[in-house]
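Please read the structure below before turning to the comments.
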């Protein structure tokens, strides 16, 4: 829906009137240009080349320059420019490499005037000299720029940018002989039209192709050059200094295809994108992240923008791939700053919290003190506002900073951990033990426990020390499985028969050996005393016993109760009838009783089985029949979630340290991009605290290519001669000039 607001502006006796309006074109437009009286606009594209009159209510087609029976590639335009001194003179850049001039004053239908066919590839840009009527400049995809005198048939100068493609050329408004050119390699060059052999100045402006440039129209800012590139940035350069100085940088959301300074507004410029984003933005370069105005009329990529008059900032014309020509009224533009969120939250490096919110939402507090800066290091930097700036009333926030206590908000733990952690050069078990000890000494008990758990999961059970298991395994254990090779026979006698009857009644066949539960914590120590602190009953092994099975497990088949109640073992499995005392060795004491597994009477009161060889023992446990530990891969999901937990909590140090220590055991379960993010975040923190050696070690130990290459960047050393102050040659450390002088002096 068209907006009905109108603007009338008086310009040197004439008035500009109009509103926001648009018209449909026959084909997509590639470029537009406005005549000097702001009454007409020319639209050019691959299939369109027309002139429209700009009236108060609408666009009216005046002239179609595509004439002839056969379509010609000379009419396929990539750019068009209208001379600002001669209202009848146009120039177009054709996609076939031809530069064409048009004379609208010719009486015939065909207005074509001259053809210049010196370029070998597509001409991307044409530009008339602002004060010289016969000088035309072109830039082509072939890497050359050519200057034409319209009174001659050939070019008068050729400029080689030593690059593949020239994307834009613009004559300086301030300097008569200077023009700027932009290239796909990111460079900007300044040339003097009188010296085509070399450029006057060259600098790298963008990271990637530079698609456009525009000189500031005002005299006081005549040395400002705005450039836009594929890196989504618009940069403003001060070219009046000895070296190009970047004074402003605007961050957009898409590649910048066109940039035009706004008339009568020193800090405003308009931009449009060559892909993705269809809107036109007007930026105040002093506020680089929020546009001052936005036009949203187009539904496809905007290909050309032009301010209607050099002294009128209210009207902006645009052409688009959606085959529309629009006139935008500045007062009808939306202002994104009105929809900007004035609230923000950020944590500082030392745990302080900065919170910005609308001033109307901040309750007045009598004891509230203004934030005067951090007492340790600067948390944030706030630029002093200029009272003349237009931003003060648009969106404002009140900033509050909540500082942590000086004793509890330090980062000494981070530095100490980084310096003391061991990440490589030792076995995995030692690395986990060392890092757990470091974390425990620094009061980080959760981290210490995590290292201990990783030690248990990924290391051999025989290497787990009792000190690190922390009540999980009792003292005296030398491996992850409690092996019981010493029992009190008297304790076993009471329950053995019942257990036999219970198993036989259920139809189970008792084998010579049984499995040992890995969760059992009933372990005998060196004094054959039961280990305390266990609530889980242990299973006992019956094996390596001489004699027949029926002798070991006598069963009275005549008095079997069909429904015998289920037998429940007590907490200690077998009740103790008296304290265990040391007795003589088992083999001599039980020599006469070897033919029977049962011991009764007074002999049972003193008999005990000591650790002996399995061939002569009645009841013994020689070794675990299988390793009942779960494989480390079973915990891979748990370890992965643990790393994500630490990273989300902000402890990226723990996440990276575990990644390095465990290596391929866990790295395969985390995607490469996440690992790279963790590495770069941790390295950035280390460098902030000037932990350069630790940072270098982390880079060396990382397996991410993007991180490893940080230590592979080359360093260039420039050496000048101490005598003549000239750069040294690459052939050695001896200056050629000084060497010649020394030779001359020595011969004289």
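Just so it is clear, glycine is given a Cβ too, placed from its N, Cα and C backbone atoms.
Sequence annotations record features per position, and here TrEMBL assigns compositional bias 'Basic and acidic residues' to 500-511. According to TrEMBL, the feature compositional bias 'Polar residues' maps to 516-525. What TrEMBL lists as region 'Disordered' is 498-537, 581-611. Feature annotation from TrEMBL assigns repeat 'WD' to 116-158, 203-247.
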PLDDT averaged over the residues of the repeat 'WD' (203-247): 91
For the repeat 'WD' (116-158), the number of residues DSSP places in helix, strand and coil: 0 helix, 23 strand, 20 coil
Number of helical, extended and coil residues in the repeat 'WD' (203-247), per DSSP: 0 helix, 23 strand, 22 coil
